[in-house]
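Peer 1: Before I ask anything, let me first share the structure, which is written out below as structure tokens.
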Amino acid sequence: MRRRAAAHRSERRKFISDSWKSRARAAWEARATRRNSDDGLPSADQTSRRSSWQSTGDGHSTRAARLRWALHAYAGAVQLSLWATLLAACFVISFTPGAGAINTMGNSLNVGFRRSIWGILGQQAALIVHILIVAAGLGVLVAGSPIAFEVIRYAGAAYLVYLGIRQLLAKPQPPAAADDGRAEDGEGDADGVDTNEGEPDDARQAPAGSAESRWSMFRRGLWVNLLNPKAIVFFLAFLPQFIRPELPLLPQYLIVGLTVVVVDVIVMWGFFAVAAHGLRRFTRSVRGQRVLNSVFGSLFIGVGVLLAVVH
């Protein structure tokens with residue numbers, strides 16, 4: 001009897017010990033689950049409630065998440081050193097004389113510094129189209145298709161030659177029209193005194209002309225840059241140097257495109273238009289206008305011929 005009682009007490013102590021261990025293990029697992037939840041690993045019920053709140057709430061949390069993603073993509077898309085390299089390259093490229101610079105200087109001479117911005121905006125629209133073509137993958141098709149490349153190249157060359165011939169044949173404007181352009185830019189005598197009193201008679205009797213409209217300048221700037229297949233090929237080789245494929249592409253193309261456009265506007269309007277504006281004194285006479293028309297017409301024709309001949 002004593003042995004049986006001792007065995008019973010031993011089994012009872014073992015049962016109590018095993019029960020305590022199982023309860024302790026269950027409590028430890030529950031604490032571990034709560035700790036993981038506090039560390040940012042929500043349970044399925046929490047996830048469903050959060051998703052339901054986001055879908056039925058006012059959307060502030062969703063917009064905040066999108067804003068955080070956009071800021072993260074913006075900060076990580078282009079490193080500062082890489083963007084500085086892009087900025088320097090854009091300035092070098094924009095300062096290189098070309099059809100866009102000639103068009104900007106011609107507009108500044110003909111219609112004044114302020115109104116020349118419309119031609120520059122047209123040129124920037126063409127740059128945006130080029131960037132979109134490259135981003136969409138169409139630049140590879142243009143660069144890889146000899147027929148498409150040649151068609152665009154000769155069309156662009158013909159358009160530049162056409163602009164040059166039109167510039168050569170342009171009739172000089174009377175000094176009154178030139179004075180109106182200078183008045184728009186803040187030049188001329190504030191009292192309306194005739195400052196051309198000592199000029200020859202041909203300066204006073206130039207044939208009448210009309211100022212070019214803003215839309216016309218915008219359209220011409222657009223076609224000058226757009227009909228240049230080498231610009232597409234250039235962007236095809238240039239843009240990938242500043243694009244990181246492991247990051248979101250849209251913010252990167254936005255940063256690169258905005259940098260290219262802003263730098264080109266600064267250079268075109270702040271340098272070429274200003275430089276040409278200093279030559280506006282030559283537009284006060286018929287002889288000076290003919291010289292400028294001959295110079296810029298020849299430049300347009302020369303660039304068009306180079307575009308058609310140089311491969």
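Numbering starts at 1 and runs along the chain as displayed.
Yeah, the Cβs are placed from backbone N, Cα and C, and that goes for glycine too.
Heads up, TrEMBL stuff is auto-annotated, nobody curated it.
For reference, TrEMBL lists these features for the protein:
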- 1-12: compositional bias 'Basic residues' (COMPBIAS)
- 44-59: compositional bias 'Polar residues' (COMPBIAS)
- 186-200: compositional bias 'Acidic residues' (COMPBIAS)
- 1-20: region 'Disordered' (REGION)
- 30-59: region 'Disordered' (REGION)
- 175-210: region 'Disordered' (REGION)
- 73-96: transmembrane segment (TRANSMEM)
- 116-143: transmembrane segment (TRANSMEM)
- 222-243: transmembrane segment (TRANSMEM)
- 255-279: transmembrane segment (TRANSMEM)
- 291-310: transmembrane segment (TRANSMEM)
Peer 1: Looking only at the recorded stretches 116-143, 222-243, 291-310, which one has the largest tally of CB-CB distances under 8 Å to the transmembrane segment (255-279)?
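Peer 2: Result: 116-143.
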Peer 1: Can you name the far-off residues of the same chain, 6+ from the ends of the transmembrane segment (291-310), with a Cβ under 8 Å from a Cβ of it?
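Peer 2: Residues packing against the transmembrane segment (291-310) from afar: 98-99, 102, 105-106, 109, 153-154, 156-161, 163-168, 170, 172, 228, 230, 279, 282-283.
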